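Structure first, then comments.
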Amino acid sequence: MPRTHITSSEAGITPRCVTRRDALRMLIGAGICATVLPGVARAQTTQEKLDAAQMDYEQAEAELDRITAEYEEIATQLSDTTAQIVDVSDQITDKQAQIEETQTKIEEKQEILARRMSSSYKAGPSSTIDLLLSSATFDELASNIYYLDKITESDSEMIAEVRELRTQLEEERAALEAQKADLEALQADQKVQLEDARDKQAESQELVASLSTEVQELIAQRDAELLEAQRLAEEKRKQEEEEERRRKEQEQQNSSGGSSGSATRPPAASGSGSLAAVINACYSTPSPGVSLCAAWVTNVFVNAGIGTFWGNADDMYYAWCGTSTANIQPGMIVAVNSSPSSYAGRIYGHIGIYLGNGTVMDNVGYVRTTTLSYWVSYYSALATPLCGWLGGVALS
């Protein structure tokens, strides 16, 4: 619920020229307390209770704002950690591909060397001797010996270099896996912190709502008591005016010898495929209401016959979104765990469905269509947008 200071106008009391406190002071200072003092006293007591409740409300509201800011900070940190895990996972995948490619090169080099050694073995030592004996000069002999040594040395160095590269890549992959493990531990800790902050936020919000209700009830009670005191004061004024009128009439009758009379004045009045099915369902599924973006996504997948996947936007974000929006595919959900669009969005995030061609549909109180670039730009204010297959079901 929106958190605003409670005023008499918000409680349904018609604005007046003076405040309720002014009216109390006027009644007390008007010299009519003998008749209306109990009503004025009750209104004064209620006003004091109202002042205390308003102060409690404002303090609780300030605490809720602090907890909400803490929640948003943790949600942003968790989103950043999740994005880092996705990035490191991609790096690990790349390193593994490089390791496999390097291993293939090692096997190819070893096979070439094995074939060469096999050929040399089959030819026997005579081939080497023939090469040396065929040297016409001493320089040619020295050159042939150097050539044979270099072939063996080059083969050994080539295999050693490739093996060293593989070792380096494996060390880099191990470092990345350690980094990923640290990030996952941090992510788990941040999720616990986020859940604790959410519980505190719910308790604080409940307290604010309770105090808001109490303040409004006290405003209504105070105004009712004040209006009753004003009504009694008005009745006393009219009674005194009527008594004064009758006294003057009696004096007039007495002065005229009682020969004439006057009538009494009346009193004053008062009152086709899974992907196509989902996309078609996006256009045919109506909005379930404001702040129900995840419910709309759930209804779309139910109407498309894919399945039922419950949860808030942040639940779906943590469960199914682990892919960068740079790799988004039609039919994927795209979500953030904290949204700048509303108070509820900051707590529960926001979610939409990617239709392809740079287009996203989501529910913002009505079903809208917007560009992916705008969606990512807007909702990245508090978190990193990620995408994925809802329920792990890849649409086709």
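Glycine is no exception: its Cβ is also placed from the backbone N, Cα and C atoms.
According to TrEMBL, the feature coiled coil maps to 43-112. According to TrEMBL, the compositional bias 'Basic and acidic residues' annotation covers 235-251. Positions annotated as compositional bias 'Low complexity' by TrEMBL: 252-270. The domain 'Peptidoglycan hydrolase PcsB coiled-coil' feature in TrEMBL is assigned to 99-171. Residues or ranges marked as region 'Disordered' by TrEMBL: 235-270.
Note on the compositional bias 'Basic and acidic residues' (235-251): DSSP counts are 17 helix, 0 strand, 0 coil. Across the domain 'Peptidoglycan hydrolase PcsB coiled-coil' (99-171), the prediction's mean pLDDT works out to 62.
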